[in-house]
């Protein structure tokens, strides 16, 4: 039994080290036979997309990684950091100068230019009698400096060929370097830094429906042409066969069927995801949100007006960054025949107490009266009463507070509602 326990401990340790962020679960796989084990997600997993838009991923055990990157050397040079790019091109220039300098030195050595010769001797390259002078001649040839002290003669065809070959190689290196630098400078990656997302997303009522909302803005006056936004929920899930998918991606409709996902991004806009039957948030209530394990990834794409190149800005929201029962503060104000955008209020929200705390699914099943301006959900009445009479009586379950199935005089909560009527005489019920 001791050896068996050690074996199980070793297997558990191996699997835990193999996939970071997971732990070995002992539950049997759904729809499978035997004592198969599946991985369960550790609570509070790492963010998939950072708030800056960087994807939190790390590649490992890639076969022939260097060969694959070198086969696409131009993209590799564009993607690397500036410091490494300048270092790479500096090394390429120095190596090419040294290589051709060595070639000129060998040609002169074989021709006898390095020895002291009589006055009528014609060398391959004038005034090149050491490796240093050959290296300097190589620099002058490739950079077309042409000081005039050193030059190739017709005595050695090999030296003439090397001059032509080095000139061609120098042009190729210059063209590659200039092209890579221009491509790196013209990339629209930096344009995404002037596209702003709100720090938090909110869930509140909009036109009688429970909606998830977040803000986007363009900080430049130059437009983002054909701007459109996408949203995806990333969360772990199990298949019917018991397979564990750590990063399952689910599309969230932000107006694709109505065309509201295409944005005229001149002023800050609020993007709305209606929580309906097709939404992954349909069965999530306020209490469920606090216990949920998902991440909502937002992707904003469009064409940069100046270069017509596609840019993409990304962010994500964890459940802790989704504020239930909040709305965004206004940021657009009309002043003197124009509109002023006050970004001091861009990230600010205010609480809306009348927002139901139950899920959109429960609201639809119980048919809450949420369309009227004076409607006041029963779960919010109990929320106010519980503040005033905290500690009196037995606490009811959160689901009953959020979404009561019906309100009848026989209900034991009816007396609490009557007490609230005296506190809020202007409400209609």
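Placed from the backbone N, Cα and C atoms, the Cβ positions cover glycine too.
Owing to the predicted nature of the structure, the values given are computational and were not obtained by experimental measurement.
Of the listed segments 159-183, 184-208, 209-233, 234-258, TrEMBL assigns transmembrane segment to 159-183. Which of 26-44, 45-63, 64-82, 121-139 counts as transmembrane segment depends on TrEMBL, and there it is 121-139.
When averaged over the domain 'Inward rectifier potassium channel C-terminal' (195-367), pLDDT in the model lands at 92. Across the domain 'Potassium channel inwardly rectifying transmembrane' (49-188), the DSSP tally of helix, strand and coil residues reads 86 helix, 4 strand, 50 coil.
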